[in-house]
Amino acid sequence: MPWLSILIAVPVLGSVGVALLPKGADKLAKQLTLAVSLIVLGLTIAMAVQFSPGSTDRFQFAETYRWIPSFGVHFGVGVDGIALVLIALSAVLVPIVVLASWHDADAPTAKRSVKAYFSLLLLLEAMMVGVFAATDVFLFYVFFEAMLIPMYFMIGSYGGAQRSYAAVKFLLYSLFGGLLMLVAVIALYVIADKGTFMFPELIGAITDPATQKWLFLGFFIAFAIKAPLWPFHTWLPDAAAQAPAGAAVLLVGVLDKVGTYGMLRFCLELFPDASKFFTPLVLVLSVVGIVYGAIVAIGQTDMKRLIAYTSISHFGFIAMGVFAMTANAASGATLYMVNHGFSTGALFLIAGFLIYRRGSHHIQDYGGVQKVAPVLAGTFLVAGLSGLALPGLSTFVSEFMVLIGTYERYVVPAIIATSGVVLAAIYILWMYQRVANGPTAEKVQGMRDLDSREKWVIVPLLALIVALGFFPKPILDVINPAVDKTLANVSVTEFKPAVPAVAEPKGAGE
Amino acid sequence: MNDIAAPTIEYGQLAPMLLVFGAAVLGVLVEAFAPRYLRRSIHIPLTLAALVGSFALVLVQVFVSGVPTSPAAMGAVAVDGPTLFLWGVIAALAFVSVLLINDEDNFVAQAAAVPGSADEEDAEIAGFSQTEVYPLVLFAVGGMLLFTASNDLLIMFVALEVMSLPLYLLCGLARRRRLLSQEAAVKYFLLGAFSSAFFLFGMAMVYGFAGSVGLSDINAALPNVGGQEPLLVLGTALLGVGLLFKIGAAPFQAWKPDVYQGAPTPITALMASGTLVAAFGALLRVFWVALGNFDWDWRPVMWGVAILTMVAGAILAITQTDIKRMLAYSSIAHAGFLLTGVIATGAAEQNRDALSGILFYLLVYGITTVGAFAIVTMVRDAGGEAGHLSRWAGLGKRSPMLAGVFAFFLLAFAGIPLTSGFFGKYAVFSAAVAGGVLPLVLVGVVSSAIAAFFYVRVIVLMFFSDPAADGPTVVGPSVGTASVVAVAAAATVVLGVFPEPMLDLADKAASALFVR
């Protein structure tokens, strides 16, 4: 069964279907979108069940069709463990976002087409699946660029007051990176001279060190903008703050992961020598990002901007884990991508609920929410704690693995990065304190607590965060073989430390 | 006694072109003899039929009689793979442009009436229309066909004039803002005449060098003639000026925004698509066939021109406030992108890739351009088309379909994947990278990023801004305009998702390169 093609086709068809609904059928549009996204989730689960982590195939469920033979382009899809968990992340987040965005598009302030929003959402989902599933570099690039467009319209049409500025900034930054990558993609094809863009065949095709370095930079800058790493990050706070909460979840939770995923998949494997050459630089950028993002987050007055800056800090951790090139760090980074999606997703959604109720995204406008809306405040606390990587919550496992894995080889960066953990406690707890504790602000009086729809949005996320915090093994079992294969292609395995740094890192959170 | 052999003319090969010229002559006769009320209804089928017929004759040559392998008409005209491809493209683009031209309300009632005079009012009340437009368009299209096919500088010059003179006239025939239109016509005429003079002078120089105006003879003379390099260099430069003017490459781009803005929009569509295609065909012929072995000398200059064109087009477009001017600068930037392909010469295989990339790019850019201008004709307010960008604010709310399609065209111009523009750009840039002009491609992508800004700005205006209270109305499109938009949108989608058949065709057309 062509699982991945179906996973891409179903949301596309759903998107067209939603777009073709008659005017005024807003409720139907939402229900249809939810149904389609649940079908995609079901299909993803069905596919994941059949995934065998121990398989020797590089990619499973692989499909390859000739798309544009003149350019050597295939419609090639397939997943390994890394891609699978990220596709699963997207498939889980989309129905949640649909449910959470139930009233986003029809808010009285924004008289925008409701069905267009949900149609774009489904289109975006198809592209998210496609970008992670692509095993053809060109196809990856196509999805990488094309997925900007639905997100651009979601921010620009349905976002906050500064939405058009934020949307344009987002698009131009990403396009610029993407175009540099396009040059590298073309050059990769021309220099490799294999007549194909299929990723497995391109591994090891570029041997000249100088060429590798240039091509690496072409890919890396695009991914560093997408992820985003410091100093390419300035678009993210604007975009995330202006995007409607649901879109922000997908933007930070999934779209940005394409950057770190790309580093792990394409930068490392296609240009192993260049990756090693640039490792010190990337580690510096990551560490700066970790500390800088955290410090700037502390100073934010806007809730969504604060969360965006925490993400910049977290992306520093992920990039550091990827480029530390140890099994622990890379597995940790991959797991971090998933956990960060859930944890930041929950934070953005709850912030969205707060903002929807109070009508303000300034932290200072809140206070004492805990007393009037205890469930809301409670979920906010749990989501926040997962953001600061509290042991017992999923993010702790991944952060710990990244730090341990990095320490195995790069001691100083790992130590500096640890300060990010401390700073995380400050920004999260201080935000929580200002929002939920203290005397109840006047405007917060009478704030509704979560209704059942919103509980359906939040509870699955928190359940996943807690469950993966205690038992990350199923996911790690899927990730680890894929990471090992990746690192084998970078041929760094010989660098394993003589004494394992931890006896059983997989169970670190247990 | 010298025998003068009668020239042999391969009428079959030239048929697509001859048909258009013949129809144009018939059109003139119609103007002369048919009563006024009948003219339009004769012209429309005649013009459209001529273009369809021309396209069909191209197909016949490609699929039935086979692509000729030697020049026709005593070496004056080369009907080869690239020519046939471009002929098909030009005929198709002209056909859709004519559908636009056909639309009411674009052309002046009586060109001779002074703007704002009583005569003008009388002419309008009498319901006159300047039906000469149709034969003029056919002559221009015929010129375009000959321009791409000419294998001889003299023929090329004749074609250049046949193409340009009707266009000068057509530019001045806008119904609204007539002074602007007439100014555009005068500007275009003066600058165009200058560029023709440059071309002619360059031709004389090259003739002085090679002793012939035939492209293949010039090529043959390159290694054999010594001591005349100054003539060749000067000639090449002057020929280049003439041709680069036509494609609107910097620093010869100044006419484009003024003319595109002033001309009636359907004519702008024809110029922006057809003329560009034809001029690139001619440019390639001169620089690849005649001066192909002289590339060490013209290449550095072309580098500069390409860089300047891309950067100037992209940057100047940012400051534009008129939609047609913006599209004009965008067309300049695209001409620059295409030039990177012209420079990417090398071995035969490389030339073939570059050529097929250029052919494909010309096709997709032309179609999308016509579609974009078709939409421009539909957004109107009291004074005619609402050209000023601020008038487009909030169009996405008032007519989401129209704005959506326009946004899609803009994304295609910007080269977003899953639009035809992306593959066009990819085809040319990948050929350029393979041809060793990576720095140009880098400039190209940076310019694309800059260009994306102004495309996106229009989308922002249409979708993310609130509509103006007295915004323009979107006229219900005529069948012709609607079908133009539909065809352009469909082509942009289909070639953006499944470009292979067309890429194949372009590759086949380019496979034997130009005949000599």
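Start at 1 and count along the chain as shown; that gives each residue its number.
Cβ from N, Cα, C; glycine included.
Annotated in TrEMBL:
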TRANSMEM  A:32-51  transmembrane segment
TRANSMEM  A:71-102  transmembrane segment
TRANSMEM  A:114-132  transmembrane segment
DOMAIN    A:134-420  domain 'NADH:quinone oxidoreductase/Mrp antiporter transmembrane'
TRANSMEM  A:138-158  transmembrane segment
TRANSMEM  A:170-192  transmembrane segment
TRANSMEM  A:212-232  transmembrane segment
TRANSMEM  A:278-299  transmembrane segment
TRANSMEM  A:306-327  transmembrane segment
TRANSMEM  A:333-356  transmembrane segment
TRANSMEM  A:368-390  transmembrane segment
TRANSMEM  A:410-432  transmembrane segment
TRANSMEM  A:453-471  transmembrane segment
Q) Per the 3+ Cβ pairs under 8 Å rule, pairs at least 6 apart in sequence, do the transmembrane segment (A:32-51) and the transmembrane segment (A:368-390) touch? A) no
Q: May I ask whether the transmembrane segment (A:71-102) has at least three C-beta pairs under 8 Å with the transmembrane segment (A:333-356), counting pairs 6 or more apart in sequence?
A: yes
Q) Going along the chain, which residues at least six beyond the ends of the transmembrane segment (A:212-232) come within the CB cut-off of under 8 Å? A) 144, 173-174, 176-178, 180-181, 183-185, 187-188, 191, 206, 255-256, 258-260, 262-263, 266-267, 270-275, 277-278, 282, 285-286, 288-289, 292-293, 312, 315-316, 318-319
Q) In the same chain, which residue numbers or ranges, 6 or more beyond the ends of the transmembrane segment (A:368-390), come under 8 angstroms Cβ to Cβ? A) 307, 310, 339, 342-344, 346-347, 350-351, 353-354, 396, 399-400, 421, 424-425, 427-429, 431-432, 435-441, 444-450, 455, 458, 461-462, 465-466, 469
Q | Range from A:71-102, A:306-327, A:453-471 with most C-beta pairs under 8 A to the transmembrane segment (A:114-132) | A | A:71-102
Q.
Is the transmembrane segment (A:71-102) in contact with the transmembrane segment (A:453-471), using at least 3 Cβ pairs under 8 Å (sequence separation of 6 or more) as the test?
A. yes
Q: Could you pull out which residues elsewhere in the chain have a CB under 8 Å from any CB of the transmembrane segment (A:71-102), counting only those six or more residues past its ends?
A: 4-5, 7-8, 30, 33-34, 37-38, 40-41, 43-45, 47-48, 51, 53, 58-65, 117-118, 121-122, 125, 128-130, 132-136, 138-139, 189, 194-199, 244-247, 249-250, 253-254, 257, 261, 264-265, 334-335, 337-338, 341-342, 345, 349, 352, 453-454, 456-457, 460-461, 464, 475, 478-483, 485-486
